[in-house]
Every structure is written in structure tokens, then in C-alpha cells.
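Attaching a single structure in C-alpha cells format; questions to follow.
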């Protein structure tokens, strides 16, 4: 009885959602812990000259994204070949553990690059397969509030990681900063092994009935649809979801995701150096400022996602991006090293954090609803495993492109011109996302 109860808990919706949330949290934590440390460790530990730090940081951010892009389509293809989504999730842990070890003990730029490549491979797995599993278990109608809540929770990784990294680096040194990483990894490993996803419940009679019904429904329409046969290699590189890129309900969310990625990665590349230059901050203070940016995300994420579920994506998306395009310029006001300007910069970061919380859910909700409706009309189009792995695989590629372009462009503009020029470029991207949301997204009333 006790064993059956434990199995029941392991396959429960809260346990699965919690496992996915911890996996995403771990990915962000291990990605973010080094953000406030790099400007200092590259000089003190690796021996990089100060004038090369910006370019090396941008490179490390970019190679992470390149690895993510290279892996996303093959992972999206291969993940659907496994009987469960759990297997690729476990494979991702191998990449993540190896990356963490290299970041901990690596003392050269090539070793750090390899570590970031492995992190990119791990992220491609967890963000593609994990989010697909999430939509599998909660359904498209609840994806906004669920993702909003998860994004709010995993923003703790973005909050805690830089702060923790800065505190421990300042007080105990480089190696101690990564000790907690392995503890979190152990928790992540345990949860991924313990989780029982719906696909593993093959012996459950109810599930068999559902599968039998689903197969019959698909077979009824299969004869009416002709799909080109693809070789395995071609399928892995050209998933069916890509043929929908000309649909505005897909292209629009992809563009807003690209903009979000540019914003976050540009912040990672420029804000620590701007704080160091403008206010003479150390790694701890830089980490605390990232906490100021991310904390509003934690408190507003679920609320913003629930609003999108209830009202739709267009109004919230277009307004959030338009407001963000304006509030970014607040960061340009403090230009001298005074206590007042430090407080102002903190307040302006918090304001932008609140607005950012309202930009994450609209695109995900819009595209998830659209592919769900498209699959109802074309049941065999995405294959027997449905659209979500493919959708989030494509999202990974788009987001990773932003992670390449964002830090490189923002870092270049800051080096060649100034921080204000970088912010102006990011603001233009936000306004373009607002226009895209207005023309490509829909509200609930529009679809009724």
C-alpha cells in the first residue's frame, strides 16, 4: 500500500510540475552563478587583460547559445523517438554535470568555452523536453498560469545565483561558489529519476483507452492527409513545425521570444560591467543588483500568466513591450557615482523587472493554443507525439539566436559608443515586439 501510494505521488501533477520547475531552476542557477564572477575571475584566475574582458564574456555567452541552437532540432527529433520524455531529461543531466565540473576547475578560456557548450546542450534538452512535458500534463488552456508560476519560481535561480555567487566569491573564493551547485544537481538528479510521467503509465487501463481512442481518431483522418516522407537526418533538421513559420501566430511569438532573449543576455553582458565602471561595484554588489531585477519576476510571474490565460495575449503583450521600451531608458539616468544614483538605478531595475514579468507568457500561450488547434484540424501533421516537443525545440533555437546577437551587439555598442546606445537598441527591439504582438497575437474575445 505504501509503495503504491509513493508511486501515485511520483506520477501526480504537482510532482511532475515540481520536477520540471527544479530542472529549469537548476539550469538557470548554474548559468547565472558565474555572471557576477566572470568580470573578476577572468582577470584574477584566467589572466585575461581587463580590456579583453567584455569580448570574452560576450564570447562565452555566445558559444552557449550556439550549442543550444545546434542541439535543439536534433533533440526535438530524437526526444520523440524515446518512449518517454524522462530518458532525454536524464541524458541532459550528464551534460550539465560535466559542464559544472569544468566551470569549477577550469582555469583557461578554452575550458570555460567547453563548459558553456555543455551547458548549452543541457539547456536544449531541459527547455525543449521539459516544457513539452509540462504542456502534456497541464494542457494548452492552463499553460499561461502554469508557466507564469514556474517562470516566477525559476526566476529565484536568477535571483539567488548571482547573489550567492557574489557573496561566496568575495568571502570564500572561486571554488566555494560552486559547492552549492553540486547539491542542487543532486536534488535535480533525484527528482528526474523519481518522476513517473504519463507516458510511463502504459499499463493503466484508462490511459490505454485514451491512447486507443487517439489512435482511432488519427487513423480516421490519416487517409485524407498526404505528408512528404522525410529521411531521419532531414527530419531531425527540418521538423514539421518549421513549415508553419509563415503563420503569424507562430512567427509573432518567435519574434517576441527572440526579443526577450536579446534583453536578458544583453543585461548579462553589459550590466555587471556598467555597474563596475559607473559605481565601482564588486561581484557581490553586481549580484545583488541582478536580484533587484529578478525579484519582481518572482512575485508577478504567475499573476501575469493567469491574466494572459484569462484575457489572451494581444493586449497584455503589446502594452508590456511598449512600456518596457520606455522604462529601459530609465537606466540611462544615473551617470555619476553617488548614493542617490545607486538607489535610482536599483529602483529602475526593479521597475523593468515588473514589466518583464508580463512579456514572458503571451508568446508561449499564443503559440501553444495555435499548435493545439492546428493539430485538431491536422491530426497527423506533427506525428504521433504531438506538436509540443517540436514547438519548444524551435523556441530554443530562436531564444539561442537572441543569446548570440544580444550580448555581441549590446557589448559592441557599449564598447564603441556607450551604455545609452545599447539601451536605445534594446528599446527599439521592444517597440518592434509590441507591434508584432498587436498584429500577430489574439485576445480571448477575438477568438470567440
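Glycine residues also receive a Cβ, built from the backbone N, Cα and C atoms like all the rest.
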When you get a sec, could you say which of 120-140, 204-224 is annotated transmembrane segment by Swiss-Prot?
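Of the candidate stretches, Swiss-Prot labels 120-140 as transmembrane segment.
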Transmembrane segment per Swiss-Prot: which of the ranges 316-333, 370-387 is that?
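Based on what Swiss-Prot states, transmembrane segment spans 316-333.
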Looking at 14-34, 120-140, 250-270, 316-333, which one has the highest count of Cβ pairs under 8 angstroms to the transmembrane segment (171-191)?
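Most Cβ pairs under 8 Å with the transmembrane segment (171-191) come from 14-34.
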Mind checking which residues reach the transmembrane segment (338-358)? Cβ under 8 Å, same chain, six or more beyond either end.
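Residues 152, 260, 263, 275, 278-279, 289, 292-297, 299-301, 303-304, 307, 316, 319-320, 323-324, 327-328, 330-331 contact the transmembrane segment (338-358) from elsewhere in the chain.
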Are the transmembrane segment (316-333) and the transmembrane segment (59-79) close enough to be called in contact, which here means at least 3 C-beta pairs under 8 A that are separated by 6 or more residues?
no
How about the transmembrane segment (87-107) and the transmembrane segment (14-34): at least 3 CB pairs under 8 Å, pairs 6 or more apart in sequence, or not?
yes
